[in-house]
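According to Swiss-Prot, the region 'PEXEL motif' annotation covers 46-50, on the basis of a curator's inference. The region 'Disordered' annotation in Swiss-Prot covers 52-71. Taken from Swiss-Prot, the feature signal peptide covers 1-25, and the record attributes it to sequence analysis. According to Swiss-Prot, the feature topological domain 'Cytoplasmic' maps to 26-164, 218-245, an assignment based on a curator's inference. Residues or ranges marked as topological domain 'Extracellular' by Swiss-Prot on the basis of experimental evidence: 186-196. Positions annotated as transmembrane segment by Swiss-Prot, on the basis of sequence analysis: 165-185, 197-217.
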Amino acid sequence: MSFCYVRTISIALFLFIFLFLNNGNFKNNFYRKDNKYSSIKIRSFRSLAENQKVETEQSTPAKPEPTEFVNNDIHQNKNTFKKLKNNEKKKEILEEKMKDFVKLYVNKSSGECQRYRLQQHLKNYSSSNEYKKFMNKFVKFLKVHNDLNALKSQLHFNNVRAATIIFIAGFLSIFAILLTISAVAATSKFTNNMLAIAGVGALGSALSLPGMALLFVPAMLYVLNRKNEITNHYSERIIKQVSNF
């Protein structure tokens with residue numbers, strides 16, 4: 001009887017311990033699952049809140065810049081545009097001035113008034129930094145142009161000299177021929193001697209043609225040599241100046 005009683009108590013105690021342990025495991029599992037579910041739920045709510053924050057930041061328009069900065073930018077843009085426009089206008093005006101006094105010098109450089117105006121143009125615009133290089137080249141061009149004009153004038157004068165010599169030689173030759181004809185005619189009136197008439201004609205021919213040639217050939221040779229000297233002198237100067245461009 002006592003043995004059965006002890007066995008019953010031990011079985012009941014064992015069942016009680018078993019049930020208690022199972023109940024603790026169940027609670028632990030439940031709390032673990034609950035904590036796991038809570039952490040998942042918290043993470044999901046946190047990510048949802050962050051997404052909503054990003055969407056609100058993207059949807060909200062950016063704050064406009066202060067009107068002072070915008071006005072300053074507009075003012076600076078206007079000033080730069082005005083400066084560019086003024087520089088372009090100045091450049092166009094200076095280019096027109098350059099073209100004008102280039103034409104003035106090339107076309108009308110013979111007059112003293114035009115030369116004075118050209119010198120004034122050079123004084124006014126030679127100090128411009130933008131056109132210093134151009135002005136240097138232009139001055140070199142003026143030197144070449146002056147040398148070409150001097151060469152043309154010297155050659156023209158030399159040609160006039162040669163033409164004058166030829167004209168004088170031709171005139172004197174014709175005059176000598178006419179004088180010879182008149183002398184032959186006068187001799188034929190006074191005498192019928194053909195030898196005398198032929199002698200007068202030969203003397204007149206010798207004076208008119210070879211005599212004039214001997215007189216004017218040195219002058220023509222001098223003119224030709226002078227032409228060669230002028231051409232060589234100015235050609236060397238022009239070549240040196242052109243090589244400095």
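Placed from the backbone N, Cα and C atoms, the Cβ positions cover glycine too.
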Kindly state the mean pLDDT of the topological domain 'Cytoplasmic' (26-164) in the predicted structure.
62
Kindly report the helix/strand/coil residue split of the topological domain 'Cytoplasmic' (218-245) according to DSSP, in that order.
26 helix, 0 strand, 2 coil
DSSP-assigned states of the topological domain 'Extracellular' (186-196) in counts, ordered helix, strand, coil:
8 helix, 0 strand, 3 coil
